[in-house]
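Q: Have a look at this one.
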Amino acid sequence: MVRSVALAVCAAALLLAMAAGGAAAQGVGSVITRAVYETMLPNRDNSICPAKGFYTYDAFIAAAGTFPGFGTTGSADDVKRELAAFFGQTSHETTGGPQFQWGYCFKEEKTMATSPPYYGRGPIQLTGQSNYDLAGKALKLDLVSNPNLVSTDAEVSFRTAMWFWMTAQGNKPSCHDVALRRWTPTAADTAAGRVPGYGVITNIINGGRECGKGMNPENVDRIGYYTRYCGILGTATGDNLDCYTQQNFAT
């Protein structure tokens, strides 16, 4: 009898977890429909793109279903702004051309020179053994032994990007919290010029190379993609889009 009750409880918990994942995917899919996805990423399957055929809409939706808070939290504008920010950042990371039309053209770092074999892969360009280790543990995958999984399995690829997006590390807030305006700068952040807005997300992702260096083309590209996506989704960008004068989190 006790065992039967325990099994019933476990089954109910599993169903609830599946329902939560399904609801999350449905919520994201109601904003990023297949048509919107195609509009945002019109050249991802262009013949000149190494990632042609890789970043499918179905893989994105399946991955989103494993992160119930991703793209489903807050007001309608909060949801749209977060998704625009996610695609803005990841489109820059994988861009293959000008005019903010070539996101998701690459699935691997072009030179494969940064921390091999843990060079950049996937929408967020997951880089470094530590990130592969942490992401793998969170996703229950051995990405240290098999880093190529991030560039050969599209759902895993998206999941690593969403893991990075949703996870705070060290003194960095999560991109998710910043996008939802739930991050409150510390005194150290304020002294370093780090203020709430899209620019801090750039700082989280690649602040050591792009922040505190004045206007630079990388920031401009990230902002351009984000602004375009906010327009497509029908939401405002908010303030503080760049990190030109922000110190990076490492300092």
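Cβ atoms here come from the backbone N, Cα and C positions, even for glycine.
Automatic, uncurated: that is what TrEMBL annotation is.
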Q: In TrEMBL, CYS49 sits in a disulfide bond; tell me which of CYS10, CYS105 is on the other end.
A: CYS105
Q: Check for me: which candidate out of CYS211, CYS230 does TrEMBL give as the disulfide partner of CYS243?
A: CYS211
Q: Counting only residues 6+ away in sequence within the same chain, which have a CB under 8 Å from the CB of CYS49 (disulfide bond)?
A: ASN43, GLY96, TRP102, TYR104, CYS105, PHE106
Q: Where's the emptiest Cβ shell within 10 Å among the disulfide-bonded residues CYS105, CYS211?
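A: Candidates: the disulfide-bonded residues CYS105, CYS211. Fewest Cβ atoms within 10 Å: CYS105.
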Q: Fill in the CA-CA distance, GLU93 (active site, proton donor) to CYS243 (disulfide bond), as an integer in Å.
A: 16
